[in-house]
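What TrEMBL says about this protein:
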- A:562, A:566, A:664, A:668: Zn(2+) binding site (BINDING)
- A:418-445: coiled coil (COILED)
- A:729-768: coiled coil (COILED)
- A:1-707: domain 'Alanyl-transfer RNA synthetases family profile' (DOMAIN)
RNA sequence: GGGGGAUUAGCUCAGCUGGCUAGAGCGUUUGGCUGGCAGCCAAAAGGUCAUCGGUUCGACUCCGAUAUUCUCCA
């Protein structure tokens, strides 16, 4: 069965069981602080399990693109070494939200596997949660009984809390799970050891394919469990593994999900998959990682050095590293695989197709920069090796190479090994651990349980129409972090406060109780579909009605920036072309930032055109057309631009200003005229193929122009109100250059004259040409003079003194030969004489200077100089 | 968010412990030679040593802040 059919059959099967098919959520997560990437099929439904939202249907099915780089069964460093772990994978799932439970979930899973996919019943095993006394959770008897009716008891295995009890995190919904495993070993192998022995033993051919989770508890902050009012089913089946079973191969990488990619890698690198284990690992690593990276970029996540971007960079660099070391690829090659990947998966995931150019560019650029890092690291490592005494290279040094210069540690180890050296790995680990602890401590957040204040219906955000409202606190909790200290998160029954999202920052303002107490709201965010208000202290009485007031001046400025962002987007597409796509946006109170795909620098004329375009729309006074809830399809058909990597519901909000239509949740001005004026401040690159524009509007633009005008007036005033200041300045510059040259000439002449005079004053003492004299030159002049005299006289000993800004300066020149011969050292001379001018100095044997704060002592110092040549 | 680096000529970099005439290679310009493979030879131009502040008689060098950038960790 082709992988495409495997996917379709799954979705069709559950559709026939009254499930609604939904599309995969983006792999990159935006409004959940505990998670960077979708790492399981359930992520996009988390809010439903938490009770913060209602699903559109109680039964849902989908295939979800997931990314896992850490966790109990997957560590990035392990991917590729075996045949069944991946960073990116697809998870097929079916869901029940308070609808059916264990009975149906188990029966349908069995039906699909054995009747649709026609997997031999005799190679399947199932696991059931054994219970945990310490936590007072009983055996999952219900699941056990259900399985007993379907499968012989000797193929049911009890699993412990680690394997068969699923938790989302330290807190929240959880419950027992039941896994289905499959044994695809040869008959011979099966005869030797029973598959039962190998379940959950990390055997590559006895693997878990489906996990059925029965969510029935809620874990509280103190660790205790309470029963949930509604029970849910959450299942996940690994798509790649399922394909392996159905295509009768022994490795995920031998399924048609991977073979086209592997063939392409063989072609590009001139290697063969299957002969050499190191090559095999490298090929698998690359085949796996290119998928993860390409999908992430398509979802809008570029490689970077913080957060999610850093994870993507690490994955990509790992692939480059394996290619570099084991496939001997010293030039960018991974970007060349994007075409093949797109051909293969572009149909199921159209974002790959439309983002293909960008994906290629970004990967190529990243490859180039990492190859440079490797080059630099090789040089540094060479140096470390040279400095190493004995056979063991310091772990601290290796850590520095890794931490500061980004040179991969396994490459260090490999190179050292080739040179017959070894690495102090313990020391390295110690350093790494230290660094990890530092980071962890700095970003630790502890949160308490939610305190429920009142159970009123949550009406959510009302801030499009209101900037203040009468509200009630529904719940609150305390959170503590090193950075922000102690804060309270408050949820209201309705709120005018806009939560940070869609690039727009969260509103600020205050809550006021009837007795006049004001609590200021420092920020507003969204977490799992709840709007959270951050306050420094709780009001005295949380149960009363409050007046919630948004800081309207800030909100107005932010709205102007947001609306201007839409017009900017429209203008860029109009003037640069429709390849321009939003790649990031930041709407703040005092400025806006817009990142977009574009292949080259935006010329200043183009910027001007864009600016003019936006300002033309502003002066047209176009009113806002705000359609709050229209069907997604309708919005798209009316020309709205949907962003890749955004999760949209069935109904969306469309924001129009004339021709500009965007799907947007942010706050806007009622009329473009309110933006007042739009001014681009800067344009630059953020990554390969991505440009960034920063701009200001309204008050900020006014302030900007005022400032510019003032600065201009000042310049003009300084130039005595010159008619053409630019010309006046360039005249000055020219004149200045001319004068500089003349001064140089004059100084040279002066020095020449001085030199002539001084030449006559040089006296011979003991065969040494000696002169000690006070001169009127600066340090540089003295230096030039000294060296010029040095060229003309052999055996020269010079000591010059001068006074500069009330400070004394001594400078001593001794011909190199003379210094050697008589064992003289100019540095010592000036240091010694420095005591007369209350200072010190030094230099090298033939030239040295000293300074001091007592010019009175200069004469004495000059008189004593003769002692050195006597 | 936390840590560690880097910022010196148009480019790639050297300049170790404060005093070194601030350098190299490539590139540029000029002149000369030359039938090739980065042609050869000679000369020149090009630097507020990222910015601001501090320590010091003296800072490219030490300290602090800022900016930009690389990198590791979360």
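Placed from the backbone N, Cα and C atoms, the Cβ positions cover glycine too.
Everything TrEMBL records as a feature, shown here on the structure.
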residue : record              : CB count, 10 Å
A:562   : Zn(2+) binding site : 26
A:566   : Zn(2+) binding site : 26
A:664   : Zn(2+) binding site : 24
A:668   : Zn(2+) binding site : 26
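Same-chain residues with CB within 8 A of the center of the A:562, A:566, A:664, A:668 CB atoms, the Zn(2+) site residues themselves not counted, are A:559, A:563, A:565, A:587, A:655, A:662, A:666, A:667.
For the recorded site, residue A:566 (Zn(2+) binding site), the DSSP three-state label reads helix. Under DSSP, residue A:668 (Zn(2+) binding site) is assigned to coil, being neither helix nor strand in the three-state scheme. Confidence across the domain 'Alanyl-transfer RNA synthetases family profile' (A:1-707), taken as the mean pLDDT and rounded to a whole number, stands at 87.
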